[in-house]
Amino acid sequence: MGNNMTLITEFILLGFPLGPGMQMLLFVLFSLFYAFTLLGNGTIVGLICLDSRLHTPMYFFLSHLAIVDIAYACNTVPQMLANLLDPAKPISFAGCMTQTFLFLTFAITECLLLVVMSYDRYVAICHPLRYSAIMSWKVCSTMAVTSWIIGVLLSLVHLLLLLPLPFCVAQKVNHFFCEITAILKLACADTHLNETMVLAGAVSVLVGPFSSIVVSYACILGAILRIQSGEGQRKAFSTCSSHLCVVGLFYGTAIVMYVGPRHGNPKEQKKYLLLFHSLFNPMLNPLIYSLRNSDVKNTLRRVLRMQRVL
């Protein structure tokens, strides 16, 4: 094994094994999706900052979610686009480790933010009279900052376990970005501890939080069904439907990737699931919130009217 080990300074991301014509088509499509992601999430953040009527806990957490989605896309998509133009272009070892760390940080943070948002909806619907007292700005800020800190710390654990590993001469990563399990396959050492930590981390930040979201929405559903007026029920459902769609998209793909059973060709399936997870999810989230949320749509109309007047 000693002859197969060397000081790795760069990796080559294999991406998608397609012909030049299809790669160019994907480059154009993914560039458009990337632009829509930045525009949509940037618009959400801008509207929340501009309109004081959106300075509420729900939109405070939504702004953090939009920031995470922007960071998520910026971490993986530019490298993927560069690889579509030049498949042989390598990524440095430091760049690869940084990408792995940032991907895990944003993924974990988004998991926790979605839990916090479900708790916010639970308090708003199940304890409306105590909502302002429970969801104070101090509490909201603490929840948001804690989500980011936990994301950074848990990702740092994976990074510190990954960095000491020796890597073989074969430095081709079968992925479109430096995904941690794809990197571990290149190590010339026992990676059982790393793989166990990845699985344990996935269970702790996916299954656990998802279960708490399910419990929150079970309580919310019970509270909504006790509302006497149909209008009240519709309003309560509308405040939760956007969040439920985002939760379904995010947790559905993430649990299948890291916790679900392995069958068929798991490497290729995981690659395309992660493509959906890192490119399409961040693009769809602002669409879901803007199309199903009257407050966001009304604020956008007011801003557009003001721009026309100016």
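Using the three backbone atoms N, Cα and C, a Cβ is placed for every residue, glycine included.
Residues or ranges marked as domain 'G-protein coupled receptors family 1 profile' by TrEMBL: 40-289.
Remote same-chain residues near the transmembrane segment (24-50) are listed as 16, 18, 59-60, 62-63, 66-67, 69-70, 73-74, 77-78, 80-81, 84-85, 279-280, 282-283, 285-287, 289-290, 296, 299-300, 303 (criterion: CB distance under 8 Å, separation of at least six residues from the stretch ends). The transmembrane segment annotation in TrEMBL covers 24-50 (among others).
Taken from TrEMBL, the feature transmembrane segment applies to 59-81 (among others).
According to TrEMBL, the feature transmembrane segment maps to 101-119 (among others). Counting same-chain residues at least six beyond the ends of the transmembrane segment (101-119), those with a Cβ under 8 angstroms from any Cβ of the stretch are 58, 61-62, 64-65, 68-69, 71-72, 75-76, 143-144, 146-148, 150-152, 154-156, 158-159, 177-180, 201, 205-206, 209, 212-213, 216-217, 243, 246-247, 250-251, 254, 278.
Taken from TrEMBL, the feature transmembrane segment applies to 139-163 (among others). Sequence-remote contacts of a segment are chain residues at least 6 beyond its ends whose Cβ falls under 8 Å from one of its Cβ atoms, and for the transmembrane segment (139-163) they are 57, 60-61, 64, 97, 100-102, 104-109, 112-113, 116, 119-120, 180, 183-184, 193-194, 197-198, 201, 205.
Note on the transmembrane segment (199-224): residues 107-108, 111-112, 114-115, 118-119, 121-122, 125-126, 154, 157-158, 233, 236-237, 240, 244, 247, 251, 254-255, 258-259 of its chain, located 6 or more positions outside it, place their CB under 8 angstroms from a CB of the stretch. Summarising the annotation, TrEMBL assigns transmembrane segment to 199-224 (among others).
Positions annotated as transmembrane segment by TrEMBL: 236-260 (among others). Taking Cβ pairs closer than 8 Å, the transmembrane segment (236-260) reaches residues 58, 65, 107, 110-111, 114, 117-118, 121, 124-125, 198-199, 202-203, 206-207, 210, 213, 217, 220, 223-224, 227, 270, 273-274, 276-277, 281, 284-285, 288-289, 292-294 in its own chain, all 6 or more past its ends.
Taken from TrEMBL, the feature transmembrane segment applies to 272-291 (among others).
Here the transmembrane segment (272-291) has long-range neighbours at 30, 33-34, 36-37, 40-41, 43-44, 62, 65-66, 69-70, 72-73, 75-77, 80, 103, 175-177, 179, 242, 245-246, 249-250, 253-254, 256-257, 297, 300, meaning same-chain residues at least 6 beyond its ends whose C-beta is under 8 angstroms from one of its own.
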